Amino acid sequence: MSGGDMAKPLLGHGSIEGDPSITPAPGRTIGVLGSGDFARSLAIRLVCSGFKVVVGSRNPKRKAGLFPSAAEVTFQAEAVKKTDVIFVAVFREHYSTLCDLADVLAGKILVDVSNNTEVNHHKESNAEYLASLFPACTIVKGFNVLSAWTLQSGARDGNKQVLICSNNQEAKRTVAEIAQGMGFTPVDMGCLSSACEIENIPLRLLPAWKIPIFLALGLFLCFFTYNLIRQVIHPYIREQKNKLYKIPIEVVNTTLPCVAYVMLSLVYLPGVLAACSQLYYGTKYRPFPDWLDQWLQHRKQIGLLSFFCAALHAVYSFCLPMRRSHRYQLIETAVKQAVEKKMNIWVEEEVWRMEIYISVGIIALGLLSLLAITSLPSIANSLNWREFSFIQSTLGFVALVISTLHTLTYGWSRAFDENQYKFYLPPTYTLTLLVPCTVILAKVIFSLPCIQQRLLRIRRGWEKGRYVKFVLPSATGEYSSGETSSNV
Ligand code: NAP
């Protein structure tokens, strides 16, 4: 496995979810230090989940009205005395102001819920800093990955996981019970040294999307430049025609489907490369190179970006007739035909090409929408493995084939028309066909029975050149054993 972010799923550590020894613990008294947004949401959620709540504030009189009436709001020292588990809902820079409470806090569990504003902001995590200030307390890091909003709306909406770490197993278990009692899923992240990792999680900005977004932007830039040269720069240099007006819609709209189509093929290309590697080495146990591993892990995001570009292309295409330039061109053509006294301008081939092109495009977009919807965790979780793989793999491949038909009907015979080669550059659609057609061809080859069988056997654990024990029945009905090479 690669060491990227995708290699670290939130549930990668021991999940406490479903642990029968954990019993939700409503009824017990929980303390909250602080009366800000997070403290308020926490208190509301705890009260709703059946816990007794005592809030410790520097100014309880002023803050009491902000909390549910079931929660007791008192001075910090009073609150701390009434409970053994205290959520510290104050910012790290104010921890030292709590040092006056060190004596009353001794022996209690402090839950550090704090976040930073930057990744690896301080040398030591906030939780470890709190532990250094209160050595007589047991520190548990947790709840920081939830927002105040998620806490208030409850576990139905938003993130359900509560990542917990502590050096004390018993304290960790107590906090896990509280999280479960509030309807969240506690996830054991190990010792307090994991606090730094937990504190960095809410600060990550779309870690799994970086590579796919750069890929999409890179492709967009390349195709945009190529189309700009063909549609704007070429007519200007060759015929002194100013076609700059084409940039905002026409050039963008010829670029978007190129990106969508190539990105869709890039969802299936790593699978083809992986299959080639397995066939070549005759085993599924040889790890893939890191770049291929990363690529396989980013297929969902690449697919979603392909859908995004395809949807934008559909909207842009829908708006093409609204443009003034389009209306002028229509009127100009009509006037020219009237002057030339042309009555019938119907071109059967053009009509059919356009009808098929649009219809196939709509089907491709429909299939891409289905792939996008089923990749959402809430939908994907309701499908079994066979249903998910049928939609993502089989229907996804059908979407690629239909998108290829869409591209071919768009291009039609332009590849054979020398007027289409601007500065000797072929029409853009011919370039986009390269990767998708390679993928389709490879898939067709893999579906040949001799190759399919071999691939299936490899994926079930068969290995080239590995000796396996076999057992044969003898003529007398007894069994004799021996060894043979499994690839013979
Ligand atoms: P906040 O609204 O500013 O509340 C902070 C509270 O800290 C104040 O209301 C104050 O309550 C208390 N406090 C204690 N000593 C203080 C001092 N010396 N100076 C100033 N305030 C002091 O902040 P918050 O949004 O609730 O965040 C609290 C903690 O939760 C932070 O560590 C934050 O990283 C973490 N967190 C927040 C969210 C969120 O969505 N807001 C999400 C995850 C984690 P009294 O005046 O009553 O003493």
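Using N, Cα and C of the backbone, Cβ positions are placed for all residues, glycine too.
Bear in mind that the values here come from a model prediction, so they are computed numbers and not experimental data.
Feature annotation from TrEMBL assigns domain 'Pyrroline-5-carboxylate reductase catalytic N-terminal' to 29-116. The transmembrane segment annotation in TrEMBL covers 211-229, 259-281, 302-323, 356-376, 388-409, 429-451. The domain 'Ferric oxidoreductase' feature in TrEMBL is assigned to 259-401.
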**Request:** Pull the DSSP breakdown for the domain 'Pyrroline-5-carboxylate reductase catalytic N-terminal' (29-116) and write it out as helix, strand, coil residue counts.
**Result:** 39 helix, 23 strand, 26 coil
**Item:** Chain residues in Cβ proximity to the transmembrane segment (211-229) (below 8 Å; excluding those fewer than six residues from its ends, i.e. six or more beyond)
**Value:** 247, 251-252, 254-256, 258-259, 262-263, 266, 294, 298, 301-302, 304-305, 309, 422-423, 425, 428, 431-432
**Asked** Are there residues at least 6 beyond the ends of the transmembrane segment (302-323) whose Cβ is under 8 Å from a Cβ of it, and what are they?
**Response** 212-213, 215-216, 220, 249, 252-253, 256-257, 259-261, 263-264, 266-267, 361, 364-365, 368-369, 371-372, 375, 396
**Same-chain residues at least 6 beyond the ends of the transmembrane segment (429-451) whose Cβ lies under 8 Å from its Cβ atoms** = 223, 226, 257-258, 261-262, 264-266, 268-269, 272, 275-276, 279, 397, 400-401, 403-404, 407-408, 410-411, 414-415
**Asked** How does the domain 'Ferric oxidoreductase' (259-401) divide up by DSSP, counting helix, then strand, then coil residues?
**Response** 119 helix, 0 strand, 24 coil
**Message:** Limited to the domain 'Ferric oxidoreductase' (259-401), I'd like the whole-number average of pLDDT.
**Reply:** 95
